[in-house]
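**Q** The following block contains the structure, expressed as structure tokens.
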Amino acid sequence: MSRENREQYQVVIQAKDMGGQMGGLSGTTTVNITLTDVNNNPPRFPQSTYQFNSPESVPLGTHLGRIKASDPDVGENAEVEYSIAEGDEANVFDVITDKDTQEGIITVKQNLDFENKMLYTLRVDASNTHLDPRFQHLGPFKDTAVVKISVEDIDEPPVFSKMSYLIEVDEDVKEGSIIGQVTAYDPDATNNFIHYSVDRHTDLDRVFSVHAENGSIFTLKPLDRELSPWHNITIIATEINNSKQSSHIPVFIRILDINDHAPEFAMYYETFVCENAKPGQLIQTVSVMDKDDPPRGHKFFFEPVPEFPLNPNFTIVDNKDNTAGIMTRKDGYSRHKMSTYLLPILIFDNDYPIQSSTGTLTIRVCACDHQGNMQSCSAQALALSAGLSTGALVAILLCVIILLVLVVLFASLKRQRKKEPLIISKDDVRDNIVTYNDEGGGEEDTQAFDIGTLRNPEAREDSKLRRDVMPETIFQIRRTVPLWENIDVQDFIHRRLKENDSDPSAPPYDSLATYAYEGNDSIADSLSSLESLTADCNQDYDYLSDWGPRFKKLADMYGGDESDRD
């Protein structure tokens, strides 16, 4: 029986009684028979050869195609496993089994190169995974197919000889020196020429460059390991005939150290020595640092400078561990004689070439207690006095600022103050007198009201007496102290007005200049009526008409009727 040909059968069974003459009784029943599958059929490929094409630049793991072997069995008896027969192609390609479709998938296992090999031929086996020992004698339960893969040529970018480059160079290399080389080639059959360049985004300072034709890397600027111990640049290789085809490669440049820095103090030391110090006391331990990084490690030495090989005050002791101790050399120090000592120390290393420097240690002399604890130093005393002087200066500065503020306030108030006019009334007598001067014509008092007289009162005569009133008592001539320097005119007038008001023998002060500068040949007496004994209404001015036509104006003004004057 073959399940593959017919899976089910129906059998009719009849049961008949054989004892009777008439044939007896009988009965029938139907039996359904189903055949179960066994793995007795091998898988078979529908075709013996498969053909696939693949570009040479496909990524690894790319699916190139599917193949399938058929098995008439069912279930696990029909499960197939695909494999590539042993050979070189097994390292380039791989085949995996799709459990759902029972297909074999051809994948790329290594990079393809059209220039190296254009055609690959594979032998792929399809085998059952579950074999039945009862039928193994029927032959191998597998089948084999030939798979041919053609590699298609494409224009590929240049390929570098390494995945990355590491270059080591001394930091004292001269500018323009070649420090290394990169190489790349065109993998295509055309083998185009390659152009090299530096990706300037990775070398912004333009420290390196590369020869465009041969890939030699050289320096453009001096190198400094202490400033930048590593440089990571990228070199670009581009096909000359096709600039779109380019490749990048990282280049790591390590700068090797050269002993080009001298050792120096690791920090600033504030060193002091007690006045009561004894010889041989350790007052300071100094250490140094060096920017260089020698492969054998640092080793420093300490010595006195050659100019002062024997210091009478202190001793430099090399501790042989890259530190040095400063020891006192004499018994007692006096900060009054010497408040500060400067101790130069020669420091050098043991690398090649030897680098050395001189560090100067400043040592202050301080007062200490019996335990050696510092109490005060000369520098602190100076700082204290400087603090007092600073306080005094601050106080003086504050006083000056206050004075300046007062001066500014006084000046601003003085500018804002509204000055009172010297002449308040529009009927002031001086205006009238000027009018008289213009009307008169014969008087010699044209300079009667020069304001310069008020600003220089010394020009007036010393003694001025009223000529319109007979003094009852002869007063002694007054002598006043000059107050002309740096005095305001208004203040001066007020003072003189007060003096004249308190002196009955003095004329009204506001008409003083008139009396002083009236012409000697004027036939008229004083025209001033300030502080006169009689009021204007009691004065009789009719006599002005007798003085001639030149005084007619005054006669009309003062000698008319009341109605006229109004």
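Cβ coordinates are placed from backbone N, Cα and C, and glycine is handled just like the others.
For reference, TrEMBL lists these features for the protein:
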type: DOMAIN; residues: 1-45; note: domain 'Cadherin'
type: DOMAIN; residues: 46-160; note: domain 'Cadherin'
type: DOMAIN; residues: 161-265; note: domain 'Cadherin'
type: DOMAIN; residues: 265-382; note: domain 'Cadherin'
type: TRANSMEM; residues: 381-411; note: transmembrane segment
**Q** Just to confirm my parser: what is the rounded mean pLDDT across the domain 'Cadherin' (161-265)?
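**A** When the pLDDT values over the domain 'Cadherin' (161-265) are averaged, the result is 93.
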**Q** What are the DSSP helix, strand and coil residue counts for the domain 'Cadherin' (161-265)?
**A** 3 helix, 47 strand, 55 coil
**Q** DSSP on the domain 'Cadherin' (46-160): how many residues come out helix, how many strand, how many coil?
**A** 14 helix, 54 strand, 47 coil
